[in-house]
Amino acid sequence: MEPVDVAFALVGVGALLAGILPRLLERRPLSMPIAFLGLGMLVFLLPTGLPTPDPLRWPEITTHLTEVGVIVALMGAGLKIDRPLSWSRWSSTWRLLAIAMPLCIAAVALLGWWWAGLVPAAALLLGAALAPTDPVLAADVQVGEPTDAEDSEDEVRFALTSEAGLNDGLAFPFVYAAIAIATTSLAPRDWMAHWFTVDVVWKLAVGVGGGLLIGWLLGKLFFRAPSELRLARHAEGFLALAATFLAYGLVEVVGGYGFLAVFVAARAIRAAERTHEFHSVLHDFAEQIERLLTVLLLLLFGGAVIGGLLAPLTWRAALIGLALVFVIRPLTGWLALRGAPGRASEQWVIALFGIRGVGSFYYLAYATSKTDFPQADLIWATVGLVVIVSVVVHGVAATPVMQLLDRSGNRTQDPSERESAPALGGARS
């Protein structure tokens, strides 16, 4: 049999199961990512003739596959958040981004250098790649489709969705710092000035500004154009892809962070006409494409695991990966949310469900395609282990934990309901 025929059949089976499994697993302690990761491992164990998907051998292909998966997920995440942007109402998000994420990067990088024996550039890359929570694999703990109500979302699902939407772009400066160290030296005088002015200030500003501008223009076209050009009237969901690729491509062309631009553009489109049903059309299409891409990526990841992705893993690196999932993220998340809005049980769930996934693969593939990193195989093995553990542990725990919180009642849905005032930020806007 020809491998290409097997590949077509596998994609067909995967797409079919992507439509069936969410309904079968909806109330069960098992997630779709677990099922497809297992299916990918099973398929590549069989004598099908399919080539082993090796990210170390094909870093550029890995980069672009994961890139598309992330940006489509970011568009969906930005569209489905109902809560308007403000300092106080997004307090949990700002805390997770400003406190938990840098602490996670620092802790993993330090352990990677001191405990696992990674060189500084590789240790920083490991920390940066594992920093962002994932918008692709976290569907079970995210908000649902767009609604008309601004206070319809509970704090746990909102915080996890908004954090995943923003930290994929905000972790990029740390990846560039690792690349700069790998290509120059550890001495800050050799790279710090360029890194701060270009990779931090310029790229972040262009990402936010470009996303706002593109989202605003698309919002005008969708909802305010003359009737014959008002695209919202035609309810064509594929325009979600148009918005995604426009925001990402244009901002990347001018040197900004496209991940950040896609999420910001989605929020700007949502703000243009907050209650229009067209948002649900866009979101549903983006979600369907995201699900198909997730299936493909998980099947390939399963094949990479069978092909020996984890073979270079050392017990020290494995302990760092396990520590991230079970100790570092929960503790840094809890510290970030101390004194924040919400109840203690909700804050612990937010801290615990820092799901790692496709975004980590993208950052690692991107960095290793730009320059040679010592111990790249060990970094890939560590990230692969973290994603497997995250997929399994969070996938099994997500449904029962969220059901338990839902049954407990008295969920925090808006800052005005909260028992404690935010320590960050001022009055509600």
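Note that Cβ sites are derived from N, Cα and C of the backbone, with glycine treated the same way.
Worth saying up front: this structure is predicted, and the values here are computed from it rather than measured.
Residues 61-81 are the range that TrEMBL records as transmembrane segment, among 61-81, 271-291. Under 8 Å from some Cβ of the transmembrane segment (170-188) lie the Cβ atoms of residues 97, 101, 105, 120-122, 124-125, 127-129, 131-132, 194-195, 199-200, 203-204, 257, 259-260, 359, 363, 366-367, 370-373, all in the same chain and six or more residues away from its ends. If you look at the transmembrane segment (32-49), the same-chain residues 6 or more away from its ends with a CB under 8 A from one of its CBs are 1-3, 6, 10, 14, 17-18, 21-22, 25, 137, 139, 291, 294-295, 298-303, 305-307, 357, 388, 391-392, 395-396.
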